[in-house]
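Positions annotated as active site, proton acceptor by Swiss-Prot, on the basis of sequence analysis: E90. The annotation domain 'Radical SAM core' is assigned in Swiss-Prot to 97-330 on the grounds of sequence analysis. Positions annotated as disulfide bond by Swiss-Prot, on the basis of sequence analysis: C104-C335. For C111, C115, C118, the entry in Swiss-Prot reads [4Fe-4S] cluster binding site. For G157, E158, S188, S211, L212, H213, N292, the entry in Swiss-Prot reads S-adenosyl-L-methionine binding site, with the evidence type sequence analysis. Per Swiss-Prot, the feature active site, S-methylcysteine intermediate maps to C335.
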Amino acid sequence: MKQTKTKYGKMKQMVSNLKLPDYRYEQLTKAIFHQRIDNFDDIHILPKALRMSLVNEFGKNVSSVIPVFSQDSKQARKLLFELTDGERIEAVGLKYKQGWESFCISSQCGCGFGCRFCATGSAGFKRNLTADEITDQLLYFYFNNHRLNSISFMGMGEAFANPELFDAVKILTDQNLFGLSQRRITISTIGIIPGIQRLTKKFPQVNLAFSLHSPFESQRSDLMPINKRFPLNEVMKTLDEHIIHTGRRVFIAYIMLEGINDSKEHAEAVVGLLKNRGSWEHLYHIDLIPYNSTDKTTFKFQSSSAIKQFCSTLKKAGISATVRTQFGSEISAACGQLCYENEL
């Protein structure tokens, strides 16, 4: 049953059901991932009976997501995809000067966790994406001649709240499919402890990013209600265990909100949170993120000088920290801005 859950498992089963040799499945996946063929009818190396069965089961195209709107800036491209049931999600492609291409994909339609500073949460939660819908976002970019150099689960939704996440990562790292290294994938979380623990066991080399945004339990609970279920102190213990087990760095995202979490007291509390945790504490890295304004929230953008001062306080205390370079904010494609705006 598990084998046939995703489209690739179903394709393999289809080859078997038609009593075709196993190499036909290999030909199919090579046509998709080596030759970038998106139309089943165009995979002429396959027998007509198999091509017809594929079209009947999946439709004409390999990728099931349909782009209905796109918006471009100098280094970012935001796409609004429509799914087969009419729901919509957004994904973002980023291109760096060196030619490196990175893609930010969604794991849910909307989000139900209600982080106060995030536009996605204002849309509410509609449903989880399937593993195929998650990976098909990348297939679209791939079929349009983009290089999938790195992937981040930082689009719409909380990745660890979707049980299909790990099937999607399995597809992405399958050497016969996308063939991505685990280290090219980053999963961002607001602190879902069971999800972090499962990642540690199943995909220890996948990068992990944790959304902190306040070092104080009470304020974090106000900004991010999930903190009431998974308190910061417990999340940090889980992150310690992740680092000890994997030897991998954990990235801690901290959105700078003017007058909310940007004080010297906050910076010193972040230092206190990360210092004296153990011999592994150097593997925590703070990623300071300038707030991206939206019409869904009332928070204000923090000045660059204040952010630099906050960063300086962290560095002087021996904390690894950088200020994130933002791309795509002018087209509402940056952190916290994805919210179906273009479907209205």
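Any Cβ shown, glycine's included, is placed from N, Cα and C.
Note that this is a predicted model, so its numbers are computed, not measured.
Sorting the binding-site residues S188, S211, N292 by the number of other Cβ atoms within 10 Å puts S211 first.
Across the fold, the C-alpha of N292 (S-adenosyl-L-methionine binding site) and the C-alpha of E90 (active site, proton acceptor) stand 17 Å from each other.
E158 (S-adenosyl-L-methionine binding site) is surrounded by 26 other CB atoms, counting those within 10 A of its CB over all protein chains shown.
Here C111 ([4Fe-4S] cluster binding site) is positioned 5 angstrom away from G157 (S-adenosyl-L-methionine binding site), judged by their C-alpha atoms. In the three-state DSSP assignment, the secondary structure recorded for L212 (S-adenosyl-L-methionine binding site) is coil.
Taking a C-beta cut-off of under 8 angstroms and a sequence separation of 6 or more, H213 (S-adenosyl-L-methionine binding site) has the following same-chain neighbours: C115, F117, R220, L223, M224, A253, Y254, I255, L257, N261. Within the same chain, residues at least 6 positions away in sequence whose Cβ sits under 8 Å from that of L212 (S-adenosyl-L-methionine binding site) are R220, L232, I252, A253, Y254, V270, I286.
Proximity to C104 (disulfide bond), judged by a C-alpha distance within 10 Å, picks out E90 from the recorded positions E90, C118, E158, S211.
Taking the C-alpha atom of C111 ([4Fe-4S] cluster binding site) as reference, the shortest distance to any of the recorded positions E90, E158, S188, S211 belongs to E158. When pLDDT is averaged over the domain 'Radical SAM core' (97-330), the result is 94.
According to its DSSP assignment, C104 (disulfide bond) is in a strand. Around the Cβ of E90 (active site, proton acceptor), a 10 Å sphere holds 26 further Cβ atoms from the protein chains shown. For the pair S188 (S-adenosyl-L-methionine binding site) and C118 ([4Fe-4S] cluster binding site), the C-alpha distance works out to 14 angstrom. Around C104 (disulfide bond), a 10 Å sphere centred on its CB holds 27 further CB atoms from the protein chains shown.
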